[in-house]
Amino acid sequence: MSPNGKTNGADKPEQNESPQTESPDMASGLSLASHEAHILEKLQSLGLDDAAPESVSSTILNDTSLDGVVAYINNKGCKNVVTMAGAGISTSAGIPDFRSAGTGLYHNLQKYDLPCPEAIFHLSFFRKNPKPFFVLAKELFPGAFKPTACHYFIRLLHENGLLLRHYTQNIDALERVAGIPDEKLVEAHGTCYTGHCLECRKKYGLKWMKERIFKDEIPICEKCPGIVKPDIVFFGENLPAKFYNSIDVDFEKCDLLIILGSSLEVNPFASLIDMPSSLTPRLLINREKAGHRTGAMALSDIPGGLEFDRKGNTRDVAWLGDCNDGCQLLADRLGWGEELKEMVRKEHEKLDKSKTQETAPIAPPSDEALDCQ
């Protein structure tokens with residue numbers, strides 16, 4: 001589930017340009033503008049200038065193809081892989097499209113007389129009329145869908161000691177269901193897995209919220225009369241503090257960036273592609289090419305964006321097609337193909353069994369104790 005929707009296997013979201021801090025837990029204290037300024041400063045410190053890639057005397061990839069990336073990984077050239085994911089990795093899980101005419105979730109919520117479809121994710125509208133959001137939340141609640149081969153490929157990166165961090169725009173919690181540890185996750189647009197009272201900030205867990213949402217009730221705080229809102233980022237809120245606190249450390253270490261199922265059209269998430277060093281290889285697995293000079297990068301003199309078609313490109317690779325197929329192919333060439341298929345099969349069987357037994361398939365977060373009694 002994402003406020004940004006899904007189109008053609010990649011997310012094509014819209015972004016509020018003036019986020020406001022809702023709480024210390026969900027806000028970073030940085031505005032969108034200051035974050036982009038921070039990224040520009042970071043790029044300058046990395047020494048990016050107008051020099052063309054062909055002027056670089058030392059390159060990392062043998063060739064700018066999937067085989068070149070495989071050779072780089074197999075030769076133990078990278079140990080700190082950062083992955084970025086958008087809506088395209090979850091579409092095949094059956095998560096409905098948001099904007100399709102007649103069948104999209106936004107269309108089906110029009111009976112609630114929304115001023116516009118996106119109003120369901122605006123904080124001001126939610127405070128006045130939370131019912132449409134919780135109708136949507138019930139349909140897309142964590143546990144209703146199974147992770148895809150993409151999610152399990154990211155887990156394999158972790159199990160092979162290569163995953164430094166996984167950044168996701170999605171709020172469907174499928175990374176957690178797939179077994180990717182909390183400490184490896186940065187849920188840039190928040191998560192439905194936890195919630196807070198909008199008034200007193202009391203924390204609530206998934207089980208508590210599910211009980212009320214599936215009774216078609218508005219979750220009301222037990223301490224005060226405030227509405228309990230899942231910790232997804234609404235328009236009008238900042239991204240989670242973990243996002244801002246992780247990027248400097250992660251992208252200084254990043255020696256391979258893999259982008260999965262994202263149109264890279266929304267900042268600040270899209271601007272992360274320019275955070276690694278100017279030599280770090282970047283692989284896009286998506287239905288179409290994406291990531292050419294976006295947001296603040298397009299307005300600056302600093303080069304930015306992915307450069308698949310630029311003469312002398314030595315670092316950027318695009319594999320175009322279904323994300324599951326791309327991840328399976330990459331796993332095959334890394335020698336993990338059968339392991340990935342078997343992992344998907346076994347984990348889906350476990351999820352089917354746990355659903356039958358009505359047990360929660362998602363492990364609790366390891367970094368904090370939730371007050372959800």
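For all residues, glycine too, the Cβ spot is worked out from N, Cα and C.
Residues or ranges marked as active site, proton acceptor in TrEMBL: His189. The Cβ neighbour count for His189 (active site, proton acceptor), using a 10 Å radius and every protein chain shown, is 25.
The 10 Å shell around the Cβ of Ala87 (NAD(+) binding site) contains 28 further Cβ atoms across the protein chains shown. Among the features that TrEMBL reports, NAD(+) binding site is placed at 87-91, 97-99, 169-172, 286-288, Cys323.
The feature Zn(2+) binding site is assigned by TrEMBL to Cys197, Cys200, Cys221, Cys224. There are 21 other Cβ atoms within 10 Å of the Cβ belonging to Cys197 (Zn(2+) binding site).
Residues or ranges marked as compositional bias 'Basic and acidic residues' by TrEMBL: 346-356.
The feature domain 'Deacetylase sirtuin-type' is assigned by TrEMBL to 59-337.
According to TrEMBL, the region 'Disordered' annotation covers 1-29 (among others).
Residues annotated as region 'Disordered' in TrEMBL: 346-373 (among others).
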From the centroid of the CB atoms of Cys197, Cys200, Cys221, Cys224, the recorded Zn(2+) site, which same-chain residues not already listed sit within 8 A by their CB, in sequence order? Leu198, Glu199, Arg201, Lys202, Glu222, Lys223, Pro225, Gly226, Val228
Give me the long-range Cβ neighbours of Cys200 (Zn(2+) binding site): same chain, 6+ apart, Cβ under 8 Å, in sequence order. Cys221, Lys223, Cys224, Gly226
Express the distance between the Cα positions of Ile89 (NAD(+) binding site) and Cys197 (Zn(2+) binding site) as a whole number of Å. 31
Starting from each candidate's C-beta and looking 10 angstroms out, tell me which of the binding-site residues Ile89, Ile171, Cys221, Cys224 has the most other C-beta atoms. Ile89
Alpha-carbon distance [His189 (active site, proton acceptor); Ala87 (NAD(+) binding site)] in Å: 12
If one measures from the C-alpha of Cys197 (Zn(2+) binding site) to the C-alpha of Ile171 (NAD(+) binding site), what distance in angstrom results, rounded to a whole number? 19
